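Colleague: Could you have a look at this structure, given as structure tokens, before my questions?
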Amino acid sequence: MTHRRDTVQMEQRWTNARLATMAGDDLGLIDDGVVAAKDGRIIYAGPAKDAPATQGAVHDCEGRLITPGLIDCHTHLIHGGNRANEWAMRLEGASYDEIARAGGGIVSTMRATRDASEAELVASALPRLDALIAEGVTTIEIKSGYGLSTNDELKMLRAARALANIRAIRVEPTFLGAHALPPEYQGDSDAYIDLVVGEMIPAVASLATAVDAFCEGIGFSPEQCARVLAAAKAHGLKVKLHAEQLSALHGSALAARHGALSADHLEHATDEDVRAMAEAGSVAVLLPGAYYFMRETRLPPVQAMRRHGTRIALATDNNPGTSPTSSLLLMLNMGATLFGLTVIEALRGVTVNAAAALGLSAEIGTIEVGKACDLAIWDVGDPAELVYRIGFNPLHQRIKDGQ
């Protein structure tokens, strides 16, 4: 098939590159590839021999690998304080459940977050965000969930949005009011869910793009989470769910019934849960950092996900208690080493499938015409190197919206 080589006014053009477009079912590799963009959108991605001529700026990539900009689709980046002391307790034998029931865990971060101003939350989050940006991340999801009051949850979401005005990154704010029970509602979780559903969700609807909940024995019941998801959808918000991290409550199947973008963690998900997610199109977001940091032993059912065709994404789960990491590249290696993902599965997990987990498949996640020109240019030629290496950042350049 021949292609007409029209002259197009292009703002930017990257040539002499090996492209991993992520289009199709694999890495979408194109040798001697070209990416061209205008007004922040990709207008050509393919072989150099078929590329239209241009009068715009041309950047010779000298054989480097270009992937879509990476996407961290599950983080708790905004928070006050840290929980290094609880980590020390865990090293001495305390369980996550014991720490939480003793007033630690999420509630201890709640206190520090409530005490912090919006400006302080932004300032403390910036180093964590910058570490992810330095690894080629161009889109990040940031959850609330450490305020646990209407005003403090709003403060967290405003802080998350503020980051996008300070750095060149797309931020997807998620409301996670049903993260833990605040002390003032101790013993009356239904009343707190009443607050989440009746007051918080209407208040945050203009700031958040999605709503999440923590479906666990130390969190909220499936019935309570169902109320949260239903209220979110009634306000036009996308939904997702923390599910099956510590126990099998079939939260992932619940998420699927509500048309959730994703269910996340999933170490205790059953075959039926995974099948329900596949049928609903919900993405399985795996979080190897939390698995590693908590010394978990039960693996998420990756083979069942493959068998049923459930899409798999990877994320840092950046948070102060169970995954204090700001390295998505490390998650690539952990996803492969701990969970048995292939190179293709891992890389698609931080690009095309991560975009699906945020409901942004039409915008980002692949290098295709019409999508945002979010790229990561790497000082490697083989995509496997991004998954293989540990403590090594080969990022050459990060491109956000063509710049």
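Keep in mind that glycine also has a Cβ here, set from the backbone N, Cα and C atoms.
The model shown is predicted, which means the values in this text are computed figures rather than measured ones.
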Colleague: Suppose a student reads Swiss-Prot and sees HIS74, HIS76, ASP317 listed for Fe(3+). Which of HIS235, HIS242, HIS396 should they find annotated at that same site?
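Modeller: Of HIS235, HIS242, HIS396, HIS242 joins HIS74, HIS76, ASP317 in the Fe(3+) site that Swiss-Prot records.
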Colleague: Among TYR44, TYR146, which residue does Swiss-Prot name as a further N-formimidoyl-L-glutamate binder in the site formed by ASN319, GLY321?
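Modeller: So the N-formimidoyl-L-glutamate site in Swiss-Prot includes ASN319, GLY321 plus, from the candidates TYR44, TYR146, TYR146.
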Colleague: Have a look through GLN12, GLN245, GLN397, GLN403 and flag the one Swiss-Prot assigns to the 4-imidazolone-5-propanoate site that ARG83, TYR146, HIS179, THR322 belong to.
Modeller: GLN245
Colleague: Based on Cα coordinates, which of the following binding-site residues are within 10 Å of ASN319 (N-formimidoyl-L-glutamate binding site): HIS76, HIS179, HIS242, GLN245?
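Modeller: HIS76, listed in sequence order.
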Colleague: What number of additional C-beta atoms lies within 10 angstroms of the C-beta atom of ASN319 (N-formimidoyl-L-glutamate binding site)?
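Modeller: ASN319 (N-formimidoyl-L-glutamate binding site) is surrounded by 25 other Cβ atoms within 10 Å.
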Colleague: May I have the list of same-chain residues other than HIS74, HIS76, HIS242, ASP317 whose Cβ is within 8 Å of the Cβ centroid of the recorded Zn(2+) site, in sequence order?
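Modeller: Everything else in range on the chain: THR75, LYS143, ASP264, HIS265, LEU287, ALA290, ALA315, ASN318, ASN319, SER323.
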Colleague: Where does HIS74 (Fe(3+) binding site) sit in the DSSP three-state scheme?
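Modeller: The three-state answer is coil.
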Colleague: Give the distance between the Cα atoms of GLN245 (4-imidazolone-5-propanoate binding site) and ASP317 (Fe(3+) binding site), rounded to the nearest whole Å.
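Modeller: One finds 12 Å between the Cα atoms of these residues.
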Colleague: Fill in the CA-CA distance, HIS179 (4-imidazolone-5-propanoate binding site) to HIS242 (Fe(3+) binding site), as an integer in Å.
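Modeller: It is 9 Å, counting Cα to Cα.
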